[in-house]
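Structure, as structure tokens:
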């Protein structure tokens with residue numbers, strides 16, 4: 001019997017059942033289709049272990065035109081619309097970067113990394129959303145910005161499936177131009193720089209326009225990132241271009257004041273690139289024209305020189321140095337989580353920077369020479385060497401203690417002190433929750449030297465529930481609980497701007513009591529993290545350097 005000829009009440013029931021079946025099919029479909037403002041995309045259904053329901057993934061969605069040809073060293077432009085349904089079931093190519101397989105650190109860490117294609121056409125994002133989510137679900141959104149010193153990394157590095165399924169939130173992972181292509185600046189109108197940051201802004205604008213189609217709430221967006229990704233998040237907090245694009249910020253082991261990732265001036269990078277390029281250009285306009293004509297291989301050869309590359313004060317994305325913007329209160333007053341790991345320079349960072357073999361040879365005799373060289377790299381005047389030795393090394397002669405204190409000094413200078421400074425600036429206008437991640441993952445103990453505690457990046461496993469590139473390891477029961485707690489803290493923050501919730505150890509806001517959370521298998525509240533070191537780096541050292549310089553100039557006059 002045709003549907004239209006059924007009795008009225010039965011017709012209503014039949015239509016209701018059809019709609020229900022259609023809705024269920026839409027939830028659990030192996031090939032979900034969603035709209036975007038430039039066309040439709042087809043994703044995949046993924047079952048997530050230990051969760052009631054699976055998720056839908058949409059991989060490699062373009063949020064900007066390919067930044068090639070005349071768009072190399074230019075702001076991103078809106079993507080072109082497409083007809084039909086675009087396939088979004090495979091990971092996008094990474095942005096051009098040094099082949100991570102060849103890095104000493106990866107070999108030494110015994111990590112298995114699957115080769116991923118690279119392309120200059122790389123401005124894509126991935127979306128992970130609960131399978132039941134639909135337009136109107138209004139789920140909180142978290143946008144992940146990967147780390148890698150602004151020279152390495154990809155959206156595929158961190159699999160957000162577990163976090164999205166466990167906490168029922170929409171997660172977006174974005175890519176941005178890296179290295180020379182992402183951050184080269186001529187210091188003038190020919191190439192202002194910060195292209196990678198402008199890509200991130202374009203991705204955040206795309207989220208505002210489109211995330212509702214995937215079940216997300218564009219009025220509840222939290223940006224989060226680790227290392228250089230944390231630096232990126234922190235830079236959006238101070239950038240006028242990012243206003244209204246997010247409502248909460250999480251900075252994991254990276255803020256806008258990280259010394260190697262922000263620069264007032266572009267001269268050093270400019271000269272290096274100009275020399276390596278062989279362009280022999282008389283001015284910046286000619287240099288950019290020449291660089292736009294370089295092949296992928298030629299750009300990669302230049303890139304290899306940079307272990308990290310700084311963003312610049314370009315007058316647009318960053319109108320002033322982040323320190324000035326923070327000090328003057330010129331930033332977006334959004335709630336923040338800011339944190340560091342116990343041993344930021346315990347192993348991974350020194351290996352990556354090529355410092356590990358130097359640190360291993362430190363003795364009382366060699367220490368001054370090593371410190372002199374390191375101080376120059378850290379842009380610190382030679383006058384500070386004795387002060388740093390006194391503060392960190394004291395009178396000890398033991399080489400192992402000296403090496404450990406040197407690593408602590410590096411970690412404080414590069415990560416801890418900048419994070420504390422940013423937290424103190426931001427708490428004047430919005431809640432800040434500070435943490436120190438202290439747990440050494442059990443599965444990695446055998447690979448690392450015994451002195452290393454929670455190293456740079458160890459927290460990320462407990463945020464996503466998997467290690468880099470989706471690698472999973474057996475966790476202890478205590479670690480499983482820590483993982484669930486960290487995920488819940490992060491998701492609660494995305495939902496309400498406050499990480500606290502039922503069945504979670506209390507996390508106090510960072511106020512004048514200087515309380516913070518020690519994130520460990522047994523979380524505890526700490527007070528005044530590294531207060532003496534903060535005083536040393538921000539007050540004592542600058543003051544003594546000024547005094548020394550003053551006495552030297554008087555001596556020169558005499």
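Cβ coordinates are placed from backbone N, Cα and C, and glycine is handled just like the others.
The disulfide bond annotation in Swiss-Prot covers 95-122, 279-290 and is backed by similarity to another entry. Annotation comment: Swiss-Prot describes 227 as active site, acyl-ester intermediate, evidence class sequence analysis. Annotation source Swiss-Prot lists N6-succinyllysine at 296, citing similarity to another entry. Marked as active site, charge relay system by Swiss-Prot: 344, 456.
Annotated features, which come from Swiss-Prot, shown on the structure.
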residue: 95; record: disulfide bond; Cβ contacts under 8 Å, 6 or more apart: 118, 119, 120, 122, 154, 175, 176, 177, 178, 181, 182
residue: 227; record: active site, acyl-ester intermediate; Cβ contacts under 8 Å, 6 or more apart: 147, 148, 149, 252, 253, 254, 456, 457
residue: 279; record: disulfide bond; Cβ contacts under 8 Å, 6 or more apart: 286, 287, 290, 291
residue: 296; record: N6-succinyllysine; Cβ contacts under 8 Å, 6 or more apart: 96, 120
residue: 344; record: active site, charge relay system; Cβ contacts under 8 Å, 6 or more apart: 253, 410, 411, 414, 415, 416, 455, 456
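The candidate set comprises the disulfide-bonded residues 122, 290. Of these, 122 has the most other Cβ atoms within 10 Å. Residue 456 (active site, charge relay system) falls within neither a helix nor a strand when secondary structure is assigned with DSSP, and so counts as coil. When secondary structure is read from DSSP and collapsed to three states, residue 296 (N6-succinyllysine) falls in the helix class.
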